[in-house]
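Here's the feature list from TrEMBL:
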ACT_SITE  Asp73  active site, proton acceptor
SITE      Arg18  site 'Important for substrate specificity'
SITE      Thr74  site 'Important for substrate specificity'
SITE      Gln162  site 'Important for substrate specificity'
Amino acid sequence: MADPVPPPTLVLASGSPRRLELLATLGLHPVVRPPNVDEARHPDEGPGRYVTRLAALKAGASVGPGEVALGADTVVVLGHRVLGKPGGPADAAATLALLSDGTHQVLTAQAVISRAGDGDLSEPRGALSATKVTFRPLSRAEIDSYVATGEPMDKAGAYAIQGGGGAFVDHIEGRRDTVIGLDLASTRRLLRMAGVTVPCHPESPEGLAATPAE
């Protein structure tokens, strides 16, 4: 009788503590292996295609033999503008001023890639999720005070909905976890398709589904 095939090791291709915390709610505790990839956006690349490509690129760069890697990328879209992580405090303040008293879209792409023991890579399986977020009007003092906390510095759109930035939100349409960095329902489905046992179910989505920008 052949020896049983061991379950794959799950790798999170991200250094985001928020994504690690989200996976923990599914009962998952992956190896954390942030990739070193070029995150520059291609000319004429729409935001949906951009985050989808980056998620797969990150997963492929992090997966080793006998492993399944989960890559993800999140951006904020305001009109035709794609807002990533701010370059500094002034950039963070300018971004929050743009988002004040309006609605923006948060896109999160997830990709799962597995590598067999012989080194063969699977084709990426992916999902793209979108949530619309509406901010109340923000005063300059509120923006400056929030930027001074340092919280916006490593966040797409310069805010954390699960942190102090949550006070700026009037309402959302879609899943809150998408704004944090992973759509857990899609994550669970993709990982199970790749042979990863997911002990827990994600929480139910909040609000209505939003349509991702291309």
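For all residues, glycine too, the Cβ spot is worked out from N, Cα and C.
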In the structure shown, which of the recorded positions Arg18, Asp73, Thr74, Gln162 has the fewest Cβ neighbours within 10 Å?
Gln162
Taking Cα atoms as reference points, which of the recorded positions Arg18, Asp73, Thr74 is nearest to Gln162 (site 'Important for substrate specificity')?
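Of all the candidates listed, Arg18 is nearest in space.
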Rounded to the nearest Å, what's the C-alpha distance separating Asp73 (active site, proton acceptor) and Arg18 (site 'Important for substrate specificity')? Just drop the number here, would you?
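Checking the Cα atoms of Asp73 (active site, proton acceptor) and Arg18 (site 'Important for substrate specificity') gives a distance of 12 Å.
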List the Cα distance (Å, whole number) between Thr74 (site 'Important for substrate specificity') and Arg18 (site 'Important for substrate specificity').
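Here the two Cα atoms are 12 Å apart.
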